[in-house]
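The feature domain 'FMN hydroxy acid dehydrogenase' is assigned by TrEMBL to 2-366. Annotation comment: TrEMBL describes Tyr28, Gln132, Tyr134, Arg169, His263, Arg266 as glyoxylate binding site. The FMN binding site annotation in TrEMBL covers Pro81, Val82, Gly83, Ser110, Thr160, Lys239, Ser261, Asp294, Gly295, Gly296, Ile297, Arg298, Gly317, Arg318. Look at TrEMBL and you will find His263 tagged as active site, proton acceptor.
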Amino acid sequence: MTRNPMPVFYKDWEALAAEKLERGAFEYIRGGSGSGETLLANETAFRQWAIIPRVLRDVSSVEISTSILDQPIQAPILLAPVGYQKLAYPQGELAAAKAAEKAGVPYIASTVSDYSLEEISEHTPQGNNWFQLYWSTNEALTFSMVKRAEQAGYKAIVVTVDTGVLGWRSSSFVHHFSPVRATRGGANFRKDPVFQALVTEWTEDNIIKEIENNKRRDHMTWDDILRLREITSLPIILKGIQHPKDAEKAAELGFEGIIVSNHGGRQLDAAISSLESLSPIVDAVKDRIAIIVDGGIRSGTDVYKALALGADAVSIGRPYIYGLAAYGEEGVVQVIEQYKSQLISALRLSGEANMKHLSRENLHRY
């Protein structure tokens, strides 16, 4: 049996995805907001740091397994929530979640998945699945989705806090592209009893209209999120934290984790890069709350740098979606395994057998 040739570098995965996908779908996945300033900053921030190797150390055995929220994982890598994954591959989220299960890393299922949270859970009986929540304008719908996630065996709720208003995504205008219309997506809405009661006439246009009307809330506050404690015992992670004061507030209120994120450069253009946000946040809340970072992480070496700057783990989005577009489940597994191998190599070559010992002393800033 001849195996498909697998790309090795992020740009090669991206190029292969561009070949396989319809132009509007690819640009929707690839693009950022506005002029793409934040999207570019996320990547270039990692190039400002160099690793300082140490020598004459025993690196014959290197361990990258760890735990996050007291959950064991095989590497400090999570698959970030990405909506409408049928844009990339027909089995979409099912294939990506299965790959995460095989690789032993958490999969964060998006509110706007093309397969329902129940379908994803059923497809990955041994998976470590988390559920990402967009806070709806209809709070009953929000709470219904959280309850469904807990009943389906999800292990954490990830509340996205930076999308009360959608960023100005120029590629969608240029290519006249709507992901929900392209994939007939929104499975979590379509299968929710609260949402079903909102749609007076079950036509595709009405369904899409109600999804858009109920997808996000522009006046969410800390008090709103605290009410989740009344309906779920799952850990709650806030995704979209960029300021140390917000990180401190999250820790003070007892949330279990934060994801330092600017939504992959898809919300506020000219926002601070995720990596630049990380160090001040680590200084403010390290050891008080789990810290995950996403945005611009294009290799295992970038994972190394994020860990050295104080992150407990990273999450990746576009890289695994490009793997999904290229070769489905097999492509996602390959992307994850490449990140693992690159991280192990960076640890050994820098003289660090235990990634938990990484610190800023391992890095030099240009």
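Backbone N, Cα and C define each Cβ position, glycine as well.
TrEMBL entries are annotated by machine, without manual review.
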Whole-number mean of pLDDT values that fall within the domain 'FMN hydroxy acid dehydrogenase' (2-366): 94
Fewest other Cβ within 10 angstroms of its own Cβ, chosen from the binding-site residues Arg169, His263: Arg169
Rounded Cα-Cα span from Ile297 (FMN binding site) to Arg169 (glyoxylate binding site), Å: 21
Among Tyr28, Tyr134, Arg266, which are recorded as binding-site residues, the nearest neighbour of Thr160 (FMN binding site) by Cα: Tyr134
Cα-Cα distance linking Gly295 (FMN binding site) and Tyr134 (glyoxylate binding site), given in Å to the nearest integer: 19
Recorded glyoxylate site residues Tyr28, Gln132, Tyr134, Arg169, His263, Arg266, farthest C-alpha pair in Å: 21
By Cα-Cα distance, the member of binding-site residues Tyr28, Gln132, His263, Arg266 nearest Gly317 (FMN binding site): His263
Tyr28 (glyoxylate binding site) versus Ser261 (FMN binding site) - Cα distance in angstrom: 19
Lowest local Cβ density among Pro81, Gly83, Gly295, Gly317, which the record lists as binding-site residues, within 10 Å: Gly317
Proximal residue to Arg266 (glyoxylate binding site) among binding-site residues Pro81, Gly83, Gly295, Ile297 (C-alpha distance): Gly295
